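I have placed the structure first, in the form of structure tokens, so that the comments after it can refer back to it.
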Amino acid sequence: MKRLSTDRLWSMLVLAPSVILLAVFVYGFIIRTGYTSLTDWGNNSLALDTTVKHNFIGLANYQDLFTSLLNARFRQDLVNTLFFTVFFIAGCLGLGLGLALMLDRNPKAEGLWRTIFLFPMSLSFIVTGTIWRWMLQPQGGVNKLFGLDPDKYEWLTSRSSIWQFDWNKVPLITAIVVAVVLAAVGVRALRDANRTRTIVAFACAALLLAWALLVAPRLKFIPVPELHGFNIAFIGILIAAIWQMSGYTMALYLAGLRGIPDELREAARVDGANEWGTYRHVVFPLLAPITLSAMIVLGHISLKIFDLVYAMTGPDNAPTSVPALLMYITSFRANQFAVGAAIGVVLLILVAIIIVPYLASQFRGEKRA
Amino acid sequence: MKRIKAALLVTTAALLASSASAAGKLEIFSWWSGDEGPALEALVKLYKQKYPSVDVVNATVAGGAGTNAKAVLKTRMLGGDPPDSFQAHAGQELIGTWVVANRMEDLSSLFKSEGWTTKFPKDLLPLISSKGGIWSVPVNVHRSNVMWYIPANLKKWGVTAPKTWDQFLTTCKTLKTKNVTPLALGENWTQQHLWESVAVGTLGAQGWQNLWSGKLKFTDPKVVKVWDTFGKVLDCTNKDASGLSWQQATDRVVNGQAAFNIMGDWAAGYLSTTKKLKPGTGFGWAPSPSTSGTFIFLADSFGLPKGAKDRAEALSWLKLLGSKQGQDTFNPLKGSIAARVDSDLSKYSTYSQSAAKDWKSNKIVGSLTHGAVAPESFTSTFGTVIDAFVASRNAQVAAATTQQLADKAGLGK
């Protein structure tokens, strides 16, 4: 008994410094940033006068970010992040899985290939960005190599965008998407013959749809239509980002593929499954947890991405701007510390939306085990 | 014996240390590295000749237009560790950031004792003063509204340098039929730079000054027209602007892919030193359209932060910067002209001599892009407004947004 308590004491003593440091430098600063975002620090010209008191102004900064004319770039950055995240994750997963499947067939010099594909991950985003910037410049490597017309192949400099929508329609779009999801839940509940759930889901979906059709079109955040879409210039950055991170997903998938016992595949073949059927019904389902982990890791990378964009198109190129970049510029160049803090908090919330459910499920899993 | 030796050693070390601290130290903070490094070094050398006992610490933070340096400076100033003297663009960039925060010392008495009030142009002093004080010593002057071209190319295409924006738009049509980019443009800040030339050309010098003193609203039809003209001028530029640095944009002019380029007069140094072209014959220049007789200026300057550790040394540094000898040592190397009107022009290049002549005779107004007329918070966000306009081409929205920005930055208050 005595032995155990000294052990306990030691463990607490050893852990204490990092717990204290974490409490101050992570959680303390998060709270401080959150508070700063609710003040008017930097909203006037006296940003750097430390004798001036900063007034508490509630959520005004957030309201400004989402609705004032002046912050169009923030909203564009959010849209950019959304598109970037989707394509980045899809690209890394697709390419990574493809490479892993190829390597899983035991080609010659497998180790060499593995190293080659994994190598980009050992570079920092700044290095990757600089290399790809050289290659994708209008008169640069890729266009020269393939004899492409620099006026048509504007990898990083294009100013056009596709799939544009009006920011004023965001509530409408959100409501419709949520309603569709609820309807899907309702259909599933109907199939499971769960009556209450069916009714609740369909009722909520109908309510949302009605709101979307009757109220939302009249809602206006901004007096003028503000179009946002997927900016073509992001294609270059996506290529670089996928090049860098698909080796990582390949390694994950390869580990997963190697972890599948041969007996399972043989059993499938005995049951009459062809090659594709084996993958479709045996291999891919077993890889699902890996896909989830990879999505979590890639998702938070893409939300926080800063250095790659900075290196490739610079901090001032609005078509390829992302929230982290805007946060840096707003705080440290325009001296609008409160607005910068607000952007930081929005980013934190976005990352939390991805990470927290995952962590929660992990903890629950651990407890069960 | 050993003990005596040790004692001697300790004493000498102590003596050395104390003499070093008595001689003093001067820490100067700037973002002059690379091309501009030698000019700063020459100044430091001159300072050391005059004050040999002072130990000069050159705290340069490299990085384009000082973005990185400014972030480091903020940390140091707010952390109570200001450098003895630091570089800032003269005008509102310094005033709107550090003077309003009550962190700079008033240099009026220095200006008076050195007799500088009559040595700098009359239009300049109001731009570096506020609240009854003068806040920085301008070291150099650059001109922002210059249009560069290659005379031989223009001859080949049968055009001349346009004098007004209307003429430019006509010339633009001619050049487009010959498959030449009329105006080479680079990344975001050079677009802002172009906007400033369009605005001064459209509004006139007085209108431009009224804009910054709050007498003219950004939503005024006259200012909306600036955006319209700017849009038309943008149609004459290359599409891949956002991917080019100003040097790369200038290269397009040198290569004959583009006819004109509007850039500050650091381009003269680039064209003559790097590209080996002869000023006047190899490359030509003119005031940007509709701005002849107006000099849009920007200047690098040094100020004295409150609480500087080596105040006396910093003051002698500022004295050197404002002196004729100091300015004539620094500027020929930097490719700029002296802020003083009595500099020795024989030391300067052909281009600089012509610029210096204009500096004495023209109407002087401040540059927006380079920090003379608006505080950092305005300039930084204005880049975003430009970007939004480039995408949407909506002059009304751009005007309304700029007015909001001006209200927020407290312009004209």
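The backbone N, Cα and C atoms fix where each Cβ goes, glycine too.
Because TrEMBL annotations are produced automatically, they should be read as predictions rather than curated entries.
The annotation domain 'ABC transmembrane type-1' is assigned in TrEMBL to A:78-358.
The transmembrane segment annotation in TrEMBL covers A:12-31 (among others). For the transmembrane segment (A:12-31), same-chain residues at least 6 beyond its ends with a Cβ under 8 Å from one of its own Cβ atoms are 348.
Annotation source TrEMBL lists transmembrane segment at A:82-103 (among others). The list of residues near the transmembrane segment (A:82-103) in space but at least 6 beyond its ends in sequence, with Cβ under 8 angstroms from a Cβ of it, reads 110, 113-114, 117, 163, 230-231, 234, 237-238, 241-242, 245-254, 256-257, 287, 291, 294-295, 298-299, 301-303, 305, 322.
What TrEMBL lists as transmembrane segment is A:115-135 (among others).
Sequence-distant contacts of the transmembrane segment (A:170-187), counting only residues of its own chain at least 6 positions beyond either end whose CB sits under 8 Å from a CB of the stretch, comprise 197-198, 201-202, 204-206, 208-209, 211-212, 216-217, 219, 221. According to TrEMBL, the feature transmembrane segment maps to A:170-187 (among others).
Listed as Cβ neighbours of the transmembrane segment (A:199-219) (distance under 8 Å, sequence separation of 6 or more from its ends, same chain) are residues 168-169, 171-172, 175-176, 178-180, 182-183, 185-186, 189. Residues annotated as transmembrane segment in TrEMBL: A:199-219 (among others).
Remote same-chain partners of the transmembrane segment (A:231-255), defined as residues 6 or more beyond its termini with a Cβ less than 8 Å from a stretch Cβ, comprise 80, 83-84, 87-88, 91-93, 95-97, 99-101, 103-104, 114, 117-121, 123, 125, 128-129, 131-132, 136, 154-162, 287, 290, 293-294, 297-298, 301-302, 305, 308-309, 312-313, 317, 319-320. For A:231-255 (among others), the entry in TrEMBL reads transmembrane segment.
Among the features that TrEMBL reports, transmembrane segment is placed at A:282-303 (among others). Residues 81, 84-85, 88-89, 92-93, 96-97, 241, 245, 248-249, 252-253, 255-257, 260, 264-265, 268, 273, 323, 347, 350-351, 354-355, 358 of the same chain lie 6+ residues outside the transmembrane segment (A:282-303) yet bring a C-beta within less than 8 angstroms of a C-beta in it.
What TrEMBL lists as transmembrane segment is A:337-360 (among others).
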